[in-house]
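What follows is a set of notes on a single structure, which appears directly below.
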Amino acid sequence: MIDRAYFEAKPAVYFRDFLVSMAVFAAAFAWGVQTDGPLVVVAWGLAAAFLARAGIFGHEISHRPNEARMKPFYWAWHLTCGAVILVPTARFVGPHKAHHTTGIFRTKDDPQYLLVRSNRLLMAFVLIGLPLVTPVYTLLQAVIASIGGVELEERLDRFTRRRFNFSVSTPLPDDKKAEVTWLSRYYLLVFATFAVLVPQALPLYYAVLVGAWLIVVLRIPLEHELETYAETSVRRDQMRDSFTVETPLALLIQPIGFRYHTAHHMYPGVPYHNLPALHAHLKATVPGYGDSVVSYWTAIRGPKPKPSAADGAA
């Protein structure tokens, strides 16, 4: 077991990194609205990259949604970045908790283990279609929850499951349903105000959201093997079926600690700012952990090389 100090989140570090990301996003977006020509592309790229970075803090929140010391950050994120991307973290917690659960991880019941390496159609949808449709889908979710609350969304989900065998939402914890409803109404109010006051910025807003979601989904094939499902999983599979990319280039697509994905899967409660130190500790002390460290090319190509003899003997 690792030292408990690794699990201690530092709210000041969260606020610092998050506010820098939001400030750069806001400045780049404002620049993009006011400029034209090739410089719009530069502004769009900066806005998308830093919105993606700010948005990924929602993943951090999903791992500590009820931690008292993190509540100010929880609400700061939801009332700012959450209003831009239109996604309360409660929508993400259930599927992500399943993804980290030993026994569910890398099985067909893992909603975030997408077989993109063995299904080219799925790969195309995830990397091309998903970034394009997600901004529209999240706005639709906000509209539905605003009109009829989560109950209307659940009724629509039951209908689409029954008629089309297709789900349009994810189950929400009972204690988060009211929160998702009022956050959705707040998000819709912010969006409507923005659309009325600066309608000329809507195309750029959509383009920035697409770019941010593209950065988010580009991570997917860089983190796990994603070739076949397993019947079940054991704790050591969290290490065996995860990639770690040490190159600083990973910061572009895997910010906020995502490049240390093996350490994160082994100890998901460790905050992102402690992952570099945890990674170094595990690399020095855990047999076979070093096999998870791969180049970007290997992560893209997948799967990982065969485990070392030390890992096989463990």
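Cβ atoms here come from the backbone N, Cα and C positions, even for glycine.
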**Message:** Quick check on the annotations: TrEMBL lists transmembrane segment for one of 73-93, 199-219. Which range is it?
**Reply:** 73-93
**Remote residues contacting the transmembrane segment (73-93) - C-beta distance under 8 A, at least 6 residues beyond either end** = 11, 14-15, 18, 22, 25, 51, 54-55, 57-59, 61-62, 65, 135, 138-139, 141-142, 169-170, 172-173, 176, 179-180, 183-184, 186-187, 190-191, 209, 212
